[in-house]
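The structure under discussion appears below in the form of structure tokens.
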């Protein structure tokens, strides 16, 4: 059975390659003669990969999921990939109850989820950036100070060499993947003392940008110049630093499936192949995330 | 002949059918609202009770720690309930006097030109979506309250600063949001006071202001109380604006604490909640539902009481 599937996949990939080659040829060299030829191979392609893939899950993965599904649909015009953003937990719940094909999670799966049959497929790595409001002169925080800030031990910037300005700790609501990942990475689960709990990444950005002395956390790819980004232990959250392992606040982006990828439908397998392809990797890089390997 | 074929009452038989069908349709239409209330009630009870058995009613209603995602989750919403009660009462205390005075102004003392300016403004206030109130709260109110907070807690190293997102901001936003309800209903009540009351009072030598406060306002009492109760309903049910300005921490409702209302507790965490956490959010919804039902019962009582008052 497995051999058959692998056979089909390789045949499929071959066809895709021929298809893309022929369409290249068409546009480059033989604008008039080619259509008949490319139509043929395309027909086979359509037969093989046509259908729908549904995703649901983490709001942090919205950019990634949208970019991947758009590019995938461009490559396979007969595929319809739709994504909903309802939060990591709900996404995995949805994939386990088979209401969607893929559950997006911006945190590692919990043991109960894995024992229920969810499989963790890491597709990219995201860094979490600690953001400060622009007027804050302090922009280098140590991991230890960060822990103390978020647990309420340090509540004024002057205590760690900044101005005499109270610290306003902005966080996400309970259940948020970003919050789970952040607290887990710092080892301060259940100890955080937030003065604001905001239910969206954009909300955190806006609140930090407009509140003097505020500190918050967001995923790397939403950063813009309305806030300033803190260095952690002297390291900026850049791809090189995260890949090298010197920036410590990073987390996986997971597209969970119910059962292994090899047990999924051909369309879903093709989707994961696409993510792993050079094209997919380039896409992940372009939206500010980091490839797995 | 042609006239007859156009008419729906072609014969006794068709007339009878039409009448019966129409009556049936009206009954169905009349029951849509009843069905909606019934199905919501059933749904809230079905959705809200499982968590009560899982966590225990006492743990939910009297617990003060809200840690739904901890390894040993705690689902205490006492502070959240208190916040809803305290926040609503404070908002009503601020909003109702302003609202009733505005209504008196509009109904009794306003020059026509000024009333033509105030009345549309009040109506517009009712039409502004609540998220706009929230955004204005973030942009204007929160920074101001943060200034106040920094002044008040200047030398207090233990205070956790909220950046202006606290009970005061929430109460101010709520107070503004209940104004249209209070003003419109109070004004109708004041205008409904029979004009001979006023004429009699003025004829006895009372001044205009005396007449307003000793005769007209007491006569419109039941309407004004209705306005207050509806204002309470609006304040307790408001979620969007509050979730933006209140800070959403599940804390004791003190002025400079970041607070969470029943509505925002549901709204804020619904998207990411799973399992028991989600079911407890439904229980919070049920608690809110019970609150609204109680307010409505009070409203009905008060309105009946008001009518008896008028008769006696």
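Using the three backbone atoms N, Cα and C, a Cβ is placed for every residue, glycine included.
Just so you know, TrEMBL annotations never went through curation; they're auto-generated.
Here TrEMBL flags B:21-46 (among others) as transmembrane segment.
Here TrEMBL flags B:77-104 (among others) as transmembrane segment. Residues 60-64, 66, 118, 122, 167, 170-172, 174-179, 181-184, 186-187, 189-190, 212, 216-217, 224, 227-228, 231-232, 235-236, 242, 250-253, 259-263, 265, 284, 287-288, 291 of the same chain lie 6 or more positions beyond the ends of the transmembrane segment (B:77-104) yet place their CB under 8 Å from a CB of it.
Taken from TrEMBL, the feature domain 'ABC transmembrane type-1' applies to B:81-299.
Among the features that TrEMBL reports, transmembrane segment is placed at B:124-146 (among others). Sequence-distant contacts of the transmembrane segment (B:124-146), counting only residues of its own chain at least 6 positions beyond either end whose CB sits under 8 Å from a CB of the stretch, comprise 161-166, 168-169, 172-173, 176-177, 179-181, 184, 238-245.
Marked as transmembrane segment by TrEMBL: B:166-185 (among others). Beyond the ends of the transmembrane segment (B:166-185), by six or more residues, the same chain brings 83, 86-88, 90-92, 94-96, 98-100, 102-103, 106, 122-123, 125-126, 130, 133-134, 137, 141-142, 145, 148-149, 223-224, 226-228, 230-232, 234-235, 238, 241-242, 245-247, 253-259, 261 to within a C-beta distance below 8 angstroms of the stretch.
Annotated transmembrane segment per TrEMBL: B:280-299 (among others), in sequence order.
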